[in-house]
Amino acid sequence: MTATDRPGPPLWLLAELTYRCPLHCAFCYNPVDFARTSADDELDTEAWLRVLNEARVLGSVQCGFSGGEPLVRDDLEVLVAEAHRLGYYTNLLTSGVGLTEDRAEALKRAGLDHIQLSFQDTTKELNDFLSHTRTFDLKQKVAHTIKANGWPMVMNCVIHRLNIDHIGQIIEMAVALGAEYLELANNQYYSWALLNRDQLLPSREQLERAERITNEYRAKLGDKLRIFFVVPDYYETRPKKCMNGWGNVFLTVTPDGTALPCHTAKMLPGLSFPNVRETSVGEIWYDSEGFNRYRGDGWMSDTCKTCPDKEKDLGGCRCQAFMLAGDAAAPDPVCDKSPAHQVVLDAVARAQRPGAVSTAPLVFRDPKASRQIAP
Ligand code: FES
């Protein structure tokens, strides 16, 4: 990258307030070593307020509060109120656990614009199995609380082999709950989902059926429910433009204050990322080695550098390149030009076998499993 390529501001700030979470989803995108960050390591209210201010001065306009479960922080209302005062569009990404009527009213008063509520499935059995909690009934109640407070209802459901055949019922449930938006987020295989990939990757037939049913509902429902269908990139031949480009618009601040261009970048070896406790958000965004490393195309291999699609996908995802090809600067193995593409083809081939659901038990995201995997 040259001096004239100075990036624009971090338009999207993701505040990962905590890794604490009452749920234990087998596809969670939090890092598998999340248990290394305890509640004592989390940024305090004052530090988060400073981050919100610094990022807004820089030009951030959207602020997502996520986790873990952000509602376990009892200062959430204070942070939302400050973000609102600063002029952010604010979004809460939640499992619903902890969103009591009192807290919903307080968040409404604080100016929260948007809530995204996650479900794991339409059946109580599978919802509760996948999250390893009894939360299905509570989520239904929370959906009503969200509507009662006048927020648009945005429902999110991570889609994978175990629930993809329920796609019609998932859409019906979104309609019944009065959702305005439904995100059918096909699982991307990072962190806990990567550990469970053979159990979670759907077959091509399942995927095609789900897309067809989704399109039928889109035609039937029109504007009543806007449905986003995120395709799993393993079934593509060109990679996704991950985070819309490294250090381009997204800035994630993890619970302990580490600033990252995406929520899993900390796993990349040989890269250091600053902490908002010691470094200003502006310095992090424009000057840090970690944020500059994969900007532009200077880092790219010849495969990516000479590819006519490089502006469209900027070489795909650095984390996926590291996880699947062992080199963060390699082309994303999802790309059929990648020398490591066979890894993706093999995973996809395994998913096509009839009745191929792996019998290996799912690894659920919990602190004990995290400590065993990453002591
Ligand atoms: Fe880290 Fe794609 S998730 S760059």
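Quick reminder: no glycine exception, Cβ is built from N, Cα and C everywhere.
Summarising the annotation, TrEMBL assigns domain 'Radical SAM core' to 7-223.
In this view, C21 ([4Fe-4S] cluster binding site) is surrounded by 23 other Cβ atoms within 10 Å of its Cβ, with every protein chain counted. Residues or ranges marked as [4Fe-4S] cluster binding site in TrEMBL: C21, C25, C28.
For ligand 1, no neighbouring binding-site residues occur among C21, C25, C28, by Cβ distance under 6 Å.
Summary of the [4Fe-4S] cluster site environment: with the site residues C21, C25, C28 set aside, the chain residues having Cβ atoms within 8 Å of the Cβ mean position are L23, H24, F27, N30, G68, S95, S131, W192, R365. Annotation note: C21 ([4Fe-4S] cluster binding site) sits in a coil segment as assigned by DSSP. Using a 10 Å Cβ-Cβ cutoff, C28 ([4Fe-4S] cluster binding site) registers 23 neighbours.
Sequence-distant contacts (6 or more apart, same chain, Cβ under 8 Å) of C25 ([4Fe-4S] cluster binding site) comprise Q120, L130, S131, H132, V158, W192, F364, R365.
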